[in-house]
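**Student:** Before anything else, here's the structure in question.
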Amino acid sequence: MKFEEIVTLLGDFGLYQRLMYIIPCYAAICTAFNGIQLIYTLYVPDHRCRIPELGANDSWGIDASIVRQFVPTRPCAGAEEGDCFDRCRLFAANSTNETVTCSDGWVYDTSDMMSTFATENNFVCSRERQFLLTTVSQSYFYGLLVGSLVTGFISDKFGRRTTLFIYLAIQGLSNLISGLVSGVVEFWISRFVSGMASTGVFPTAFVIGIEFVGPSMRLHSGFIIEYTFTLGLLVTALLAFLLQNWRWISIASACISFASLPAAFFLPESPRWLLALGRHSEAELVIRKAAKVNGVQLPDELKLKLSDSDQSSDSPGSSKENCLSVFRYRRLVCLFANVIFQWLVVALVYQGLSLGAGSLPGSIFLTSSLNAVSEGCGYFMAHLLLRWRGRKAPHIFSMCLCGLVLIACIFPTVLGSDGLGGLLLTLALLGKVGVSASFGIIYLWTAEQVPTSMRQIVLGVAALASRVGSALGPLIVNLSDFVETSLGNALPLVLYGVCSLAAGLAASQMPETAGRTLPETLREGDELMKLQGLLEVKDDDAADAEYQQLTTLRSDK
């Protein structure tokens, strides 16, 4: 009896699965808190030079008429003339024309955040400080990149449950350290470790959530975890609003992760993983416990059939196809390159829009909350479209929607009218809806396009590409700091829009997979694209000849 048949006997989503499903959902909330807190801990509010003549009496709320005597003004949208002060220069002593750089530090607007790591370290007003801010913001994503290289191995070696709770403990500890340190190097290291831990929390929780669920509920269960991730983003915004101090936000994130650890005594190991390792008796204990909670009577001879189920499954190494075999099929080479490009762009735009919430008009708490709601709407849109319109059309629509509205952001930004701030925010949020929907589609669509013999390899490379895209996100977000014009403020959004539009157009050359049998071999994957008239290339004989030539060249090295 195969495992899917056992799940059918238990019920696709019975009481036991629902109870155990709470733990992966909570882990998703932990991951959301861990990642999005960067918006608040590295937030750079409006600021100006500290006025030496005022000494300790200087503050952001001081009368503007006094500040104008010492600080030059600058044009800005959404404020009365003269109410926006230069952020980086003061009038020289006894002069109202000559200006000098800040010598006594800065005064920050504390209406949103009382203290951030960026304000404590004055990451403002010089290319060196702004580059340091970018470097610190990337540390988390470097951790994601490195962690993705080892997490899969650890999960397969030590089990889903062990991996999940070890990484939750590391995540909590690194966040606690982040909230206690003051040095840039120490903070960078703690955020790097936190990023590494995140790669073992959300993906593992996602796998646990769907491995013990029947086929009819697998799509829904995957999106439920995405919805709880969105809930985590909203909870983070609420706690940040209440705490308004980056240290307490980091410590709160640590406490949320630590609170999940007692669940290790209740969450069983994945029976699918136990079966893969031949630990049939342990898997049977989990299955029988689930049957008891669900009120299902299992046959007494289940153990014998359970032992046989693993024997009949295909071994990963049984296929004669390898990475080199792909080069026999140009359509598949182009498809795999396209898949990797899609993952990179989706992650790049998603992280960029998430981290750029603080630069949008309005309170950082409001914009980040609206960002989270937009993400939830994107997942909901993908959830509906995947059931009714397949995979390809929804992904293309979502990416093109994202691209067009983000490119359109250049108009309200460059025009700079007071009344266009709401339009800019609306366009950016629509972009977040589009890219979030694509994020909800791309994983399933990729798994359905790639032949079984290459599925794990391609998914692994695609996930790595997404980490690269995530790491590039902060670089583009901070481009506006280096282009001191109104166009500079629009530049990140426009770049995200161009990338999204390019990805949407490129996706037109990928096959529709809804309602079709999954390809098992490279030949079947090539036929799937050929039948849909995609990427017409040379005939198979020419491809075989080039493959033989490539093999000869590689053997001569």
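Glycine is treated like the rest: Cβ placed from N, Cα and C.
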**Student:** When you get a sec, could you say which of 259-279, 364-384, 490-510 is annotated transmembrane segment by TrEMBL?
**Tutor:** 364-384
**Student:** For the transmembrane segment (332-352) and the transmembrane segment (421-445), decide whether they are in contact, meaning at least 3 CB pairs lie under 8 A, counting pairs 6 or more apart in sequence.
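**Tutor:** These two segments touch.
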**Student:** Please work out whether the transmembrane segment (364-384) lies in contact with the transmembrane segment (20-43), by counting C-beta pairs under 8 angstroms that are 6 or more apart in sequence and asking whether there are at least 3.
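**Tutor:** Yes; at least 3 Cβ pairs under 8 Å.
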**Student:** Check the transmembrane segment (20-43) against each of 164-185, 191-212, 224-242, 396-415, 421-445 and return whichever range has the most CB pairs under 8 Å.
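**Tutor:** The stretch with the most close Cβ contacts to the transmembrane segment (20-43) is 224-242.
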**Student:** Tell me, what is the mean pLDDT of the domain 'Major facilitator superfamily (MFS) profile' (90-514)?
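**Tutor:** Reported value for the domain 'Major facilitator superfamily (MFS) profile' (90-514) is a mean pLDDT of 83.
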